[in-house]
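Q: Before we start, here is the structure in question, set down as C-alpha cells.
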Amino acid sequence: MTGKLVERVHAINWNRLLDAKDLQVWERLTGNFWLPEKIPLSNDLASWQTLSSTEQQTTIRVFTGLTLLDTAQATVGAVAMIDDAVTPHEEAVLTNMAFMESVHAKSYSSIFSTLCSTKQIDDAFDWSEQNPYLQRKAQIIVDYYRGDDALKRKASSVMLESFLFYSGFYLPMYWSSRGKLTNTADLIRLIIRDEAVHGYYIGYKCQRGLADLTDAERADHREYTCELLHTLYANEIDYAHDLYDELGWTDDVLPYMRYNANKALANLGYQPAFDRDTCQVNPAVRAALDPGAGENHDFFSGSGSSYVMGTHQPTTDTDWDF
C-alpha cells in the first residue's frame, strides 16, 4: 500500500447539526422518495397511439434530452459538489441528490421501454449526441462542475435544476393538460418536485458561501451568474425552436422558460432577469403542474405524484366492539 492513511475518520452524527437546513432538506427528500416502477405507465399506451409521428418524435427527443441532463447531474454535478460540502450532513444530502438524479434518468428509460420501439429509442439517443444545442448546454454546465470554483459549481447546478430542465418539462405538462400521457406526466411531476428541492437547497448553500466573501467578490459572482444565465438562455431559445417549431409550440414554451430562469435567480438570492409580463405561463400548463392534478392511483396499481404512503396501526379485538 502506498500513500498515507487519513489520521481520523469521522462518523456522521445527525444529533449534532451544524446547519439545521441539512436535516430539513434530508427529511423532505427522503419523505419524497419514489421509484418509476410504481407508476403505471402502460396506462398511457392508448393515448400515445393517438399522437402523430412528429408528436411522438418530439416527445421522445425531449425525454432523451432530459435523460442526458440528469445523467450529467448524477455522475458529475452532485458528486463534484460533495467535496465542497461544509458539513457532513450536507455531504449526505448531496449523495441522496445524486442517487435521485440517477432515478430520474432511469425513469425516462421506463417511459421509453413502455411506449416506444427500439428504433425510436436508438434514433433519439443518436440525436442527443448530435444536437448542438443540447450538447452545448450540457458542456457549459459540466465545464463549471469540473472547475475549481465551488460557488460557480453551485450556481451552475441551480441553473440546471431550476431552469434548463424546464424547456423539456413543458411538454408532458402540455400533454397532461389535454388529457394525454397523464401517467407519464405524473412521473414528471415527481421529478419536478425533487428538482425544486434540489434547486432551493443548492441555492441556499451558495448564498451561505457568498456571505463569507467581500463585497467585490460577491459583485463578481453576481456578474458571472447573470452572464451564465443569458448564455444559457440564448442557447435554450435555439433548443426550443429546434424541438418545438414544427409543432408550433415554441411561443408557448419561451415564457415558461423565462419564468423558471427567474426562479433560478431567486434561488440564488438575485433579482429576476425577465419582466413579469414576459413570463406568463399558459394557464393550462400551470394547472397541470399542480401535484393535485396527478393521477391518484390505488394502493396496488401504483403511486402518483399526489400519492400518500399508506400507514397502519395495530388493533385488537376490542377495537371492533361498537
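A Cβ is built for glycine as well, from the same backbone N, Cα and C atoms used for every other residue.
Swiss-Prot lists Y108 with the feature active site, giving sequence analysis as the kind of evidence. Residues or ranges marked as Fe cation 1 binding site in Swiss-Prot: D70, E101, H104. Marked as Fe cation 2 binding site by Swiss-Prot: E101, E161, E195, H198.
Structural setting of the listed features?
A: Under the three-state DSSP scheme, Y108 (active site) falls in the helix class.
Within 10 Å of the C-beta of D70 (Fe cation 1 binding site) we count 24 further C-beta atoms, all protein chains included.
According to DSSP, E195 (Fe cation 2 binding site) sits within a helical segment. Every protein chain considered, the tally of other Cβ atoms within 10 Å of the Cβ of E195 (Fe cation 2 binding site) stands at 22.
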Q: H104 (Fe cation 1 binding site): which of the binding-site residues E161, E195, H198 is the nearest Cα neighbour?
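A: Answer for the nearest of the binding-site residues: E195.
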Q: Roughly how many Å separate the Cα of E161 (Fe cation 2 binding site) from that of Y108 (active site), to the nearest whole number?
A: 17
Q: For E101 (Fe cation 1 binding site), which residues in the same chain are close in space, meaning a Cβ under 8 Å from its Cβ, but six or more apart along the sequence?
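A: Sequence-distant Cβ neighbours: D70, T71, Q73, A74, G77, A78.
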Q: Just to verify a number: CA distance, Y108 (active site) to E195 (Fe cation 2 binding site), in angstrom, no decimals.
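A: With distance taken Cα to Cα, E195 (Fe cation 2 binding site) is 15 Å from Y108 (active site).
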Q: An 8 Å radius from the center of the E101, E161, E195, H198 Cβ atoms defines the neighbourhood of the Fe cation 2 site; name the other residues of that chain inside it, in order.
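A: Filtered neighbour residues, in order: Q73, M97, M100, H104, S157, L160, F165, D194, V197, G199.
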Q: Residues other than D70, E101, H104 within 8 Å, Cβ to Cβ centroid, of the Fe cation 1 site?
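A: Near the Fe cation 1 site, the remaining chain residues are T67, L69, T71, Q73, A74, M100, S102, V103, A105, S107, I191.
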